[in-house]
Amino acid sequence: MRIGHGFDVHKFGGKGPLVLGGVKIPFELGFIAHSDGDVAIHALCDAILGALCLADIGNHFPDTDGQYENISSRILLRHVVSLMTDKGFQLGNADITIVAQAPKMAPHLVAMRTCLSEDLKTTIEQVNVKATTTEKLGYTGRKEGISVHAVVLLIAIEHPLPLIEEIQNI
């Protein structure tokens, strides 16, 4: 078993859409970001990559690489999930905390869990998404942006498929 923690933050700016957990959320602003700015997925990717000791999302999808400009973060998550599987792990569970004063997250949490569980190739019961505020304190309290924490538990697959490098060395 391995545990990983991820964190990300993005500032509001420009026009939407505002995407969180793979779900478009009605709001007057979007995020300032190289990709679609989905901070929930970015934190989740970092948590998985951290548990696998594979650095972080910036190393795998640098914002200096034009191919990732405006890319859906769901594509990035699916790639990270393939790395997890290649390394012989599967998701035990994920717990994601969105810190935002606005917009209200409660109406969208189940949709986020559904979307993320699809990309993680797991059940909705293994993915929790919750939201909180900072009681109007700090940058999230001033509605300047959103931050997200994610924690994952990865479980070793009993009989993982061999990695391509291992097959080539046979």
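Residue numbers in this text run from 1 along the chain shown.
For all residues, glycine too, the Cβ spot is worked out from N, Cα and C.
Among the candidates H42, H60, the one that Swiss-Prot lists alongside D8, H10 as binding divalent metal cation is H42. Summarising the environment of H10 (divalent metal cation binding site), the number of other Cβ atoms within 10 Å of its Cβ, over all protein chains shown, is 21. For P103 (4-CDP-2-C-methyl-D-erythritol 2-phosphate binding site), the nearest of the recorded positions D8, H34, H42, T133 in terms of C-alpha separation is T133.
Figure note: comparing Cβ neighbours within 10 Å for the recorded positions S35, T132, T133, the maximum is reached by S35.
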